[in-house]
């Protein structure tokens, strides 16, 4: 036992430093009332009472009944219920109750042993109140006659110590002999022969006294009948009979057979058998065949309750003579008890971020069988996240061995199986359902990497244009997602004020009307945060594209006068041919896409059949050569219409002057300031023919003067005056975001041609970058 304890202590010191090797030992007298103080455990363990409460100290016992309890406030060990030593340990010489004081944070075991001391609370009791003995006369002095001794449930000095006869007589004395199990063999010894003729019967009292303080005693009445001579008493073949029987033997199984012989003849030689200790016989699981001497099993045996049975058998002949022998029956253990799993503590739910090695449960295993039948091994069934670790003696810890993830598995079912080494082995199992509690270890995740949404310009305030969606794998508050608009860059203090997001639904709202011509797109950053502590978040970019609406009418750049002066007249020589370019209507639309596609249409004209307008180009050309019947001054109204729904339009007014004369010399271009000549074409032609030379000179001078004046008036003249003016208009339109392309037109008149020559230059409008809102 000492070697085993040293090995256990060495193992405990190397593997489990939280275990105290030597137990704390106490003793307490039986029959103590509930609440009786055993000892101050806190002081003996070197702990303050406050530590017992802080470390959740408690009594852990493999037994089903808790016979002691711990007062955490005072640190005292007290009796939980009345202790009856005879009930707990029977007649065993020692009665020790072992348990552990279990402390947490950190885990620590303190083994405790309490020895229950016997008190003299039972008196000796004889199996019969009156015993009759048949003794032949003229028996030899020294002859012995066995008597069933008394039984005392107490042990040691509180057990039976002596027998006496009252009143004393000259015929009998007492002889006692100690047996193995603490009982006594009691015999009456004949001191001198009896004489039937003198006294046929004799009565006295046999007294059994224990050694308690004060002593207790029990009595039985002895009645002796003196018989005629029966010379021989039965003799057993053995002084001690030994037998073995399996605890699983069925009722009626023969254990052994005792045999005694008697040399007398007739009825004096007839032998019968009976158990001597009638008190034990009432509790004995065996029966005796009075004729054959066979001892049989009369009720189920239990090795765990009683391992050995010591019996006394008496053989009595027909003449009343008897003798005793002893029978020792050993019950052989069989594997009839499955291991038991007793859970001392269990922690559930378990946070998912616990470190590997965290103790989940503490339990003890026990088997009431002995030897290999009581050797237990524990194992887990197909479990990768948990393991078993020996703690102390027959205690095991269920610990984590890997990281836990609630999102992957919210509950673990751990089955612990305990099996003994018997043949066949018996096993039992216990299931631990370990719930995993959530920790905020997952940030919200959007279902898209980015979002693109569209809104029509001139939208209503607080318009819902879309929604973002994020999910969080965590549970409870850790998985509740709220949305907000955050600055796109850390340096920005405030996010965009024109866009908002609903904190719960993720709906994206445009708070005020937008103008496509001022803002074509914007980007905001939406953050999704959970309600954990600390909160986790993620963000996503939301791109909002403004869709153009047809809210801008075409703007006519040429012909037109920004200074309020009337537009100049275009000159058409008399020799102009069909298809010649007269002028070009230039217009732009601030809208985009099809809303900015412009078409041109001749709305009104002095001579509708003389001119034609290009539907896409806006060029005004002659449909036929001018004739003498045509008015010298033609007025045209051109309609410019976009392609929106509904379409918007504008008009451009042109004045065309048909110049008479030869096709070789251009006619002078009349200034609008010279006034309108409402005279007939015939008069003009006559004057031209008469004064052709003078008119040529005057026209040339007027033309040169007009060109000089128009170049100075860049802000007020039509686009035909030069590229600077056109570029100015186009640049203004580009700056306003209304021109998809800008063109420059340059016209020059030469003395060798009567036609205006247009020179088209390539676009000069720079690309417009996307605008961002932050």
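Even glycines carry a Cβ here, placed using N, Cα and C.
For 1-21, the entry in TrEMBL reads signal peptide.
Here the domain 'Cadherin' (20-126) has, by DSSP, the following mix of helix, strand and coil residues: 16 helix, 40 strand, 51 coil. TrEMBL lists 20-126 (among others) with the feature domain 'Cadherin'.
Feature annotation from TrEMBL assigns domain 'Cadherin' to 127-236 (among others).
According to TrEMBL, the feature domain 'Cadherin' maps to 237-341 (among others).
Residues or ranges marked as domain 'Cadherin' in TrEMBL: 342-446 (among others).
According to TrEMBL, the feature domain 'Cadherin' maps to 447-556 (among others). Taking the domain 'Cadherin' (447-556) as a whole, pLDDT averages 89 in the prediction.
The domain 'Cadherin' feature in TrEMBL is assigned to 572-668 (among others).
What TrEMBL lists as transmembrane segment is 685-706.
Taken through DSSP, the domain 'Cadherin' (237-341) splits into 10 helix, 48 strand, 47 coil.
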